[in-house]
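Undergrad: Sharing a structure, written as structure tokens. Questions coming.
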Amino acid sequence: MEAALVILDGWGLGDGDETDAVAAADTPAFDALAERGATGQLETHGRSVGLPDGQMGNSEVGHLNIGAGRVVKQDSTRVTDDIDAGVFADNEALARAFDHADDHDGRVHFMGLVSDGGVHSYQSHLHALVDLAAERGVEAVTHAFTDGRDTAPKSGVGFIEDLAATVEEAGTGDVATVCGRYYAMDRDENWERTKRAYDAIVHREAPHEADSAVAAVAASYDRGDTDEYVEPTLVSGTDAPLSADDAVVFFNFRADRARQLVRMLADIDPDWAFETDPPAAALVTMTEYDETFDLPVAYPPLAPEQPLGAVLAESDRTQLRMAESEKYAHVTYFLNGGREVAFEGERRDIVDSPDVPTYDEQPAMSAPELTDAAIDHIGADAPDVLVLNYANPDMVGHTGDFEAAKAAIEAVDEQLGRLESAIREAGGHLFVTADHGNADDMGTPEAPHTAHTTNPVPFVYCTPDGTDGGYTVRDGGTLADIAPTLLSTIGVDIPETMTGESLLER
């Protein structure tokens, strides 16, 4: 075994105050690594990862930059640039969707996450679509998915009010349904959740109805449900079930939490345990959600050339990607630059995430089982390079539960200690880092913080003998520097397409 890259998803370096679950946790394994190894910090937000200034990073962007070895201009930025340049209406895939609705006297259905979180969508993109519908004279409706995970738990009503103002000015785009992302954006094959969002959109069947979208969210708060958990709700006066005469524009720019609902709406590989019969609407996705989906894409991927996986394959290295199912896409699709298919010599071992409503109920998640599997691989069929993601700091951090997040950090630390011992015994270099912060700011019980942070993340390097090897970590590093660092450490030439630089210096 040559090297292991361990990604502590959501483990940021905060202020160490009462909101910082990372600092509050007992982390003897990580602390020992940081003491023995070469230790530094990396930036994971804004322009350092191809996002607008000040925009917090996320797991998709983080893994994409880690794998690319260079700063990758994000799809969200491409969309925004077109809107700002006044050429958004010229997009061919979007134009065809509007043409379909216009030619068949149908509607365009906009659906996606309505918030300013910037992780899965921008509300400005939805507002631009509403304005475009008005310009085209096409009737439009919106299926609004509320956030509360990448934004404050009860901020959704404000975003809905902003949308209502745009709709009123445009004269189209009324909200037809409201649904929390817990249902509409599941990514762990909890198909019964997806089906509830599907039924509201396609059949206008939902447990609740409200006079307005704002009232729908307010009623959810009254029931004790925050934005993420808003149950599917129909908005009265907008009788707009989905039909074959209609078009759909799914405006999320991030793929992983959009796939399930798109699969159900387009009847792609229906392996769920109930029958669905969606109408043959013209469906367009803002970005490519899956390269196997035969659907029009408004902004096809600009895949990074020669990501880490490709370079390892070209050098005849074997590699193993490991995570629990919540982070499957990140250690495979995103790390590989938007490629679903494994590279030559790349194996994948994904452990199921626990079947619980929210991960504060099981902060350890599947970290022990994931570590067991990794140690088994290292002992029996060790890859040349292991990439492993621990999901806990991010997934539990999103619940806003400080004590659960603290427990999640401690659970990961325990497993990191076990894994580090196995890697050292196998003679591997160890790199430990994170893709963004989260558990480093949990807010307060009165005002829980469930979103990512813009804090830096750790970067720790240990030689096969568990020391810093005389190296230090330079200042000013970003996620784009990780792949070049790993490659140079194991003696693989860094391709010209990787503009990142090694983080290690003597």
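Note that Cβ sites are derived from N, Cα and C of the backbone, with glycine treated the same way.
Straight from Swiss-Prot, here's the annotation block:
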ACT_SITE  SER59  active site, phosphoserine intermediate
BINDING   ASP9, SER59, ASP435, HIS436  Mn(2+) 2 binding site
BINDING   HIS120, ARG149, ASP150, ARG181, ARG187, ARG254, ALA255, ASP256, ARG257, LYS327  substrate binding site
BINDING   ASP394, HIS398, HIS452  Mn(2+) 1 binding site
Undergrad: Just checking: which of ARG187, ARG257, ASP394, HIS436 have a Cα that is within 10 Å of the Cα of SER59 (active site, phosphoserine intermediate), counting only these binding-site residues?
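TA: So the list is ASP394, HIS436.
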Undergrad: Which of ARG187, HIS398 has the fewest nearby Cβ atoms, counting only those within 10 Å, among these binding-site residues?
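TA: Result for the binding-site residues ARG187, HIS398: minimum number of other Cβ atoms within 10 Å at ARG187.
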Undergrad: Need this for a regression test: binding-site residues ASP9, ASP394, HIS398, ASP435, HIS436, filtered to those with Cα within 10 Å of ASP150 (substrate binding site). What's left?
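TA: Passing the 10 Å Cα cut: HIS398.
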Undergrad: Do you know offhand how many angstrom separate ARG187 (substrate binding site) and ASP435 (Mn(2+) 2 binding site) by C-alpha?
TA: 19
Undergrad: CB neighbours of the residue listed as 'active site, phosphoserine intermediate' within 10 A?
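TA: Taking all protein chains shown, the residue listed as 'active site, phosphoserine intermediate' has 28 Cβ neighbours within 10 Å.
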Undergrad: Near HIS436 (Mn(2+) 2 binding site) in space, meaning Cα within 10 angstroms, which of the binding-site residues do we find among HIS120, ALA255, ARG257, HIS398?
TA: none
Undergrad: Please list, in sequence order, every residue of the chain apart from ASP9, SER59, ASP435, HIS436 whose Cβ lies within 8 Å of the Cβ centroid of the Mn(2+) 2 site.
TA: ILE7, GLY10, THR44, GLY57, ASN58, GLY62, HIS63, HIS330, ASP394, ALA434, ASN438, HIS452
Undergrad: Which secondary structure state does DSSP assign to HIS436 (Mn(2+) 2 binding site), in the simple three-class scheme?
TA: coil
Undergrad: Counting only other Cβ atoms and using a 10 Å cut-off, which of the binding-site residues ASP150, ASP394, ASP435 scores lowest?
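TA: Fewest other Cβ atoms within 10 Å, among the binding-site residues ASP150, ASP394, ASP435, is found for ASP150.
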Undergrad: Within 10 angstroms of the C-beta of HIS436 (Mn(2+) 2 binding site), what count of other C-beta atoms is obtained when all protein chains are considered?
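TA: Other Cβ atoms found within 10 Å: 30.
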Undergrad: When you tally the Cβ atoms that lie within 10 Å of each candidate's Cβ, which of the binding-site residues (HIS120, ARG257, HIS452) has the highest tally?
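TA: It comes out as HIS452.
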Undergrad: Determine which residues of this chain, when ASP394, HIS398, HIS452 are set aside, have a Cβ within 8 Å of the centroid of the Mn(2+) 1 site's Cβ atoms, and list them as they appear in the sequence.
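TA: Other same-chain residues near the Mn(2+) 1 site: ASP9, GLY10, ASN58, SER59, ARG149, ASP150, PRO393, MET395, GLY397, HIS436, ASN438, ALA439, THR450, ALA451.
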Undergrad: C-alpha of ASP9 (Mn(2+) 2 binding site) to C-alpha of HIS120 (substrate binding site): distance in Å?
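TA: On Cα coordinates alone, these residues lie 17 Å apart.
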Undergrad: Where HIS452 (Mn(2+) 1 binding site) and HIS120 (substrate binding site) are concerned, what is their Cα separation in Å, rounded?
TA: 12
Undergrad: Please list residues from the chain of ALA255 (substrate binding site) whose Cβ is under 8 angstroms from its Cβ, counting only those at least six apart in sequence.
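TA: Result: GLU60, THR287, GLU288, TYR289, ASP290, ALA329, TYR333.
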